[in-house]
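Per Swiss-Prot, the features are as follows:
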type	residues	note
LIPID	193	S-palmitoyl cysteine
LIPID	194	S-palmitoyl cysteine
LIPID	195	S-palmitoyl cysteine
LIPID	197	S-palmitoyl cysteine
LIPID	198	S-palmitoyl cysteine
MOD_RES	79	phosphotyrosine
MOD_RES	84	phosphotyrosine
REGION	1-94	region 'Proline-rich domain (PRD)'
REGION	1-32	region 'Disordered'
MOTIF	18-25	motif 'SH3-binding 1'
MOTIF	30-33	motif 'PPxY motif'
MOTIF	41-49	motif 'SH3-binding 2'
MOTIF	94-102	motif 'SH3-binding 3'
TOPO_DOM	1-299	topological domain 'Cytoplasmic'
TOPO_DOM	317-326	topological domain 'Extracellular'
TRANSMEM	300-316	transmembrane segment
C-alpha cells in the first residue's frame, strides 16, 4: 500500500467541462473608454464582467453623464439641450432704415423727408395709474409699417411736473436710432392768472434742429370757439395755420386739427388725435397721426411735428383723478 498514490474520485466528464468553461470570455485587451458621452440607440444589456457577481454596482467612468430614467412611463424629450425657449424677453425694436443725406436738410431730419405720415404713440406710465405722481412723458414715433423713427422724452424736474401739471414748462428731446439728439422742443411757462386773451398768457413752443439752432415757433392765437395756432419760421413770420375742432375732446370720435395755408384756402395736412376707446378716458396714452405732403419742406414738417406736442399738453394732458375722501 505504500507504493499507491491517492487520487481524487473520478468526476463525470460533463461536470469537468462545465468547470473549465467561464460564463463570459475575458477580453484579451482592456476596453477603449471614451470620456465624451455620445447617446445612441439602446442595445442589449451586457452581462457583468468576469469575477463580479450579479447586481454588483460598477462605478461610471469619469466624465460620463448619468442617464435619467423617468418613472411612470416613457416621456419624450421636449427640448434639445441649449435650445430651451426664453420667455419674458421684450420684442426687438424695428427701426426705419437710415436714409441718404438730403441737401439743405438739418441732420436727423432726413427721415421726415421720406415720409408723408407719422404716428405719435405716448407710453403708459404705471406710476401715474397707481399714484397721482406725474412722470416725464415718453413717445414713440413710428411710420405706417410700425418701424421706429424717433424717440421723444420729456426732461422736466419732479417739482415742476407735479406743481404745474399740464401747464408746466417742458423740454422735449428727440433722438434717433443711434441715440443722437437731433431736435429739441421747449415751452416756456405762461402765467394763466391773467385774462386768456392777454398776449402774455398765450402758449408758445420753440423748435430747435439741431439743438441750439431755432428753426421756428408754434404760437397760440386767441379764439372764442376753437383752438387756433400759427406755425412760424425762425423770424416769427407766420407760414401756416392750425385750426382745431370746437370740441377738442370728442368722446367716441377722433379730434382733427387741420393745417391750412394763411389764407385758409388750401389744406396742407392734419393732426389727428385717435380715439382709443375706454383706454383714452382712463390713462394719458394718446395716439396722434400726423399727415403732410411728401414734397413739403422738411423744416415745415418738423414744425408740424412739434405743434402736435403743444396740442397734446394743452388739451389731452389731463391731471390724474383725485381720490374721494371719506
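Just so you know, glycine gets a Cβ as well, placed from its N, Cα and C.
As a whole-number mean, the pLDDT of the motif 'SH3-binding 2' (41-49) in this prediction is 55. Listed by sequence, the residues of this chain that lie at least six past the ends of the motif 'SH3-binding 3' (94-102) yet keep a Cβ under 8 A from its Cβ atoms are 109-111, 113-114, 143, 146-149, 177, 298. As a summary of secondary structure, the motif 'SH3-binding 3' (94-102) carries 0 helix, 1 strand, 8 coil according to DSSP.
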